[in-house]
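To start, the structure itself, in structure tokens.
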């Protein structure tokens, strides 16, 4: 059941890895050096962390028939908050807590606008998207806030059990949220709200609280992604941190086969979508194409994957196969009589 | 009173109020120089917003326009540098190309039944990538024809210079108003945005309308690219990143509903001018940092949407009460 759901993403990822391996044979090489795993695949796991983290929250938001355009700027805000706290000597734990609180507050704001005020999610989150970078620049006062704190940098470049910390972060977040959704009724309630908010509210689902919680979850995921990015470069760049990552995250969710119209969702498939995007990015770099070609190749690959997954293509393929079978059966029928 | 036009009236009133407040603080803001510059500086945004309005009215969205503008600039600059074609020929080629690009996206959206958001997102990557492939560097445009257009202006009373591209924007808005409100195609667009199933039952040719809408948006993005290249005198593949979101914000401020089916082309012009006014105010003030622009635009977006919501609720409750 689960395998059948994520089969298209797995096939796409496998085909992509095969394609990259053809142009860059060492892609699958993994070696163990200085207590850590090294290799292009590990690099994909590490660099894919921000988009994968965002995709977890974005999947939930999209499942409620919403969209969260603000996650990229929330990353910048949370990164700026964390860097500011570290730079002014607050220590590690308060800095992390402050960043997460900032993410939750951003999510709460979005959630209130969507669920209580009733603004369309696209516009509601567009507001924070336009304002957010300004707020982040306000915190960093327009500069790139740098800091030197090994404990905080650990979240960007540390290693646990051979794997980079960012990879652990998205793996644990993804699996944790997926289990929470499927082991409890939460996932089903979110899907119900996404399919028909009114009907689910009448059936006793507290859709308002659920919607706010979902946007807050997205904000928290964005905060984690912001911490990873800020820790990785050891500085908060309000202008460029998380720039356009919301688009990659939405793309990851859609490649993961989740409908933008809400309803059924799979976090696992969205994470595979994020890996597909990162494999494309890393693959193009490793294959040695001039960097000008990156975007064109990425657009072409994404388009191919989307066309293959398009519901209408699938439906037409099924109709064509049915008609083939029908004509074959008719032929067999005729030959029998 | 037409309750559907209430958001438009509200937008106009807020714009005039904002202008009055700016005028009280800086009387010079009402001079023809500032007004003419307001038109010139926002010409490219206004043109692309006209295309975006039609797309949003049809219930879709076009994220590719910012990249298409950048591509247009680079395309024009590179072609003028490497060939001896006349700029007008290059313009014609470019418009054909961007219109075809928009039509192709519309075709995919209709044929594959995929969300416009995703298809135009891929289009955004593609157009930006194509611009990178042409040139990564900023390419200057030096051509006698360009000098001529750049220096073409009408000296208004008060020394304001109404430039050609500003006039072009106003003409495009006028054309957009005619297309949206006075043609059969425009009616189809509104119907499509109101509800696909209903539109189909009414006899709207859904596929044709969708393709035409995105072709129109692509054409406007190309035209906007031409204007932007005249405005900056160069082509740069990293230019106008995020313009699509500015355009969407302008359309929303202008009173058009993002769900499609309701809105006015004229409101978009006011939306664009409102955003331009904020920029102008910040320049006049001189002490505000650039990040305040973003925060103010965000707050304004919120205010406009809340206002629209309130008005909508008001008109609905009046309708329900049978008073109107």
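Each residue, glycine too, has its Cβ placed from N, Cα and C.
In TrEMBL, annotation is done automatically, which means it is predicted and not curated.
Taken from TrEMBL as is:
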- A:49-67: transmembrane segment (TRANSMEM)
- A:74-102: transmembrane segment (TRANSMEM)
- A:108-132: transmembrane segment (TRANSMEM)
- A:144-163: transmembrane segment (TRANSMEM)
- A:202-229: transmembrane segment (TRANSMEM)
- A:241-261: transmembrane segment (TRANSMEM)
- A:268-289: transmembrane segment (TRANSMEM)
Positions on the same chain near the transmembrane segment (A:49-67), where near means CB under 8 A and six or more residues out: 75, 114, 121-122, 125, 164, 166-167, 169-170, 173-174, 177, 181, 190-191, 193-195, 197, 210-211, 214-215, 217-222, 224-225, 228-229, 242, 245-246, 248-250, 252-253, 256, 258-267, 270-271, 273-275, 277-278
Contact check, the transmembrane segment (A:108-132) vs the transmembrane segment (A:268-289), 3+ Cβ pairs under 8 Å, seq sep 6+: no
Considering the transmembrane segment (A:144-163), which listed stretch of A:74-102, A:202-229, A:241-261 counts the most C-beta pairs under 8 Å: A:74-102
